[in-house]
Amino acid sequence: MEFKLLLVLCFNIGLICSQKTKPIGSKPIAVTTAAKTPATSTSPVTNGTGGPKFDLAALQKLLATFQMMQGAQGGNTAPSSSLPGVSSMPMPSANQISRKSNINANSLYQPELMNTNVPYMGNSLQQSRFQNQFLGGQFAPNVNVYRTNNHISSFEQMRLTRSYNLDEEQKFKILEEHNKFRSDVVQKRGTGAMNVLRWSEKLAAQASLEVMNCSYVNQGRGASLASVYEKYTGSSLVSEFMSRWSDEKNRFSLGENCSIQQTCRYSQAVWANTKQVGCAVQYCGDMSFIACSYSPVGNTVNQIAFSPSRGGICSACTTPPNMPVRCNSDHLCEWY
């Protein structure tokens with residue numbers, strides 16, 4: 001239903017006037033104005049000649065309503081006003097809202113809390129997207145659940161600058177693929193303490209030492225290596241080497257030595273206690289060498305990558321004293 005509301009401020013007589021037109025196929029919408037109600041917290045305004053007074057607060061309220069109506073009809077920005085106390089109201093459309101919007105003072109993503117301190121059952125919006133992925137259909141009790149965007153933590157850095165031959169898109173792709181691995185483990189194998197991975201530039205610098213000499217030899221710094229033909233670039237480069245690590249999943253056996261099974265790259269990618277990753281690329285002739293370093297490092301002798309749990313999603317996340325347990329919509333622990 002379309003309608004148009006035109007507000008006119010008649011300064012010469014000091015009244016609030018309204019002009020309206022009929023919505024198509026409907027009755028006219030009644031508009032109430034209060035022309036002579038004394039304004040609160042502001043001095044009464046006259047027309048300068050002792051004429052009738054009008055209520056500035058009422059005008060501001062009506063103008064705000066008009067701006068909201070304009071935004072609902074598809075406008076991205078409501079018209080601004082020259083009146084004191086009435087500012088423009090930006091109304092971004094859905095396709096203008098990106099992963100990097102709504103940042104806080106610390107230049108992090110503004111976390112979007114999906115629920116607080118109740119077992120998560122899903123509302124109509126999330127249910128269709130997430131319910132079939134739930135292990136048992138419920139998060140653990142007393143868990144704060146935050147929404148992720150493309151498997152990126154709600155608390156990830158706002159910007160990831162280009163370094164070590166990786167641009168921002170590739171870095172976010174690396175995080176996305178790693179967290180997909182980890183979320184898949186929670187859903188299919190069951191663990192209540194799988195941390196979400198975030199980017200570390202310090203680890204990226206460490207990883208660069210593994211590939212700087214164009215050598216496919218692990219230097220013992222806890223890095224995972226891969227070599228990819230140079231025809232792969234951009235996000236396809238990341239997808240290619242991550243798919244090779246994913247192939248190790250078919251041979252992975254929880255509790256077995258990863259070096260024997262030749263699954264150490266996948267095992268490290270899903271090591272539950274790991275919190276950060278940083279990667280680097282070195283171009284060497286017709287090959288690209290990639291290394292990723294992790295912290296805390298995984299593949300520890302006599303330890304397993306993750307522990308199955310029946311306590312619910314995020315039931316065993318480690319949390320500082322007196323702080324709430326944080327989880328996300330990918331079923332990964334949001335660490336502090």
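Backbone N, Cα and C atoms are what each Cβ position is placed from, and that goes for glycine too.
According to Swiss-Prot, the compositional bias 'Polar residues' annotation covers 73-85.
The average pLDDT computed over the domain 'SCP' (175-292) stands at 89. Per Swiss-Prot, the feature domain 'SCP' maps to 175-292.
Residues or ranges marked as N-linked glycosylation site in Swiss-Prot (evidence: sequence analysis): ASN47 (among others).
Feature annotation from Swiss-Prot assigns N-linked glycosylation site to ASN213 (among others). In this chain, no residue six or more apart from ASN213 (N-linked glycosylation site) has a CB-CB distance below 8 Å. DSSP assigns ASN213 (N-linked glycosylation site) to coil, not to a helix or a strand.
For ASN257 (N-linked glycosylation site), the Cβ neighbour count at a 10 Å cut-off comes to 13, with all displayed protein chains included. Residues annotated as N-linked glycosylation site in Swiss-Prot: ASN257 (among others).
Taken from Swiss-Prot, the feature region 'Disordered' covers 73-94.
Swiss-Prot lists 1-18 with the feature signal peptide, giving sequence analysis as the kind of evidence.
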Per DSSP, to which secondary structure element type does ASN257 (N-linked glycosylation site) belong, with helix, strand and coil as the options? coil
